Ligand code: DIR
Ligand code: MN
Ligand code: MN
Ligand code: MN
């Protein structure tokens, strides 16, 4: 499968600046070479440029950079749709607001190809706020509510052509949920595996169960990997660290299982803030995780197969 890299240098959704430098950091960390080494054809499309600012009347005064985010969402949706034509796109963030564009873009592609889209959300946070519930006003906390079709974005973010059914979304690594998100998630259909679930059942069995569901539905799978999914001790280059995150070994195991499944059709790498990183170690770890997802292994081993 051909791999397409697309940089999305958006930082308006995060509470602090720096994510704009993410795509450059991934390239400096050798992302092109790491994928090419695994015998994939790689095409780097460069970075997308945000379209013009729409005129929006913000429903609340504390929403930070709403016109900018709305413009990015439109631009990114179109770019993601195009990048997913006959290739596996890897979207290099940029903050997590970009998923309000990448997911709708690849959802449209999947729908046109007659396949259901599933989303694996690897994050400390659920990013399930609407424009009415966010308290911080940081719009990187809103993409999942938007792309699953929640109310509360009308007249601000672009109208959504292909919402992802909430039942197709599984979150892993969750350990920071605001009260309004928690209320909205209960009964939403979204599967939330918090850190308690990971500790109790092990990340392998939780992810395996989800992959079996995707395979049984003949689905496509979008993976959205937020740097803060990882424990801050191994991934300091992010503005919203939360203690008690996924370990190096848990993260690589998930990536290797995703590779074995053969189901992944698009990927976000988000929230890397190179200004906060320690000599590129977080960027390098993210590239290594992507390489595991793309087939890098320690030893050859037989692939577990799916009964789809
Ligand atoms: C918090 C933090 N729930 C907020 N969110 C995110 O600001 O709404 N941090 N996404 O990375
Ligand atoms: Mn996030
Ligand atoms: Mn997060
Ligand atoms: Mn919040």
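Backbone N, Cα and C define each Cβ position, glycine as well.
Copied over from TrEMBL:
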- 96, 123, 125, 127, 226, 228: Mn(2+) binding site (BINDING)
According to DSSP, which kind of secondary structure is residue 226 (Mn(2+) binding site) found in, if we only use helix, strand and coil?
strand
Can you check which residues sit near residue 226 (Mn(2+) binding site), meaning Cβ under 8 Å from its Cβ, same chain, 6 or more apart in sequence, and list them in order?
96, 121, 122, 123, 124, 125, 238, 270, 271
Same-chain shell around Mn(2+) excluding 96, 123, 125, 127, 226, 228, C-beta within 8 angstroms of the CB centroid, reads 121, 124, 126, 140, 229, 240, 270, 271
For the binding-site residues 123, 127, 228, which one has its C-beta crowded by the most other C-beta atoms within 10 angstroms?
127
Across all protein chains in the structure, which of the binding-site residues 96, 125 has the highest Cβ count within 10 Å?
96
Using DSSP, would you call residue 96 (Mn(2+) binding site) helix, strand or coil?
helix
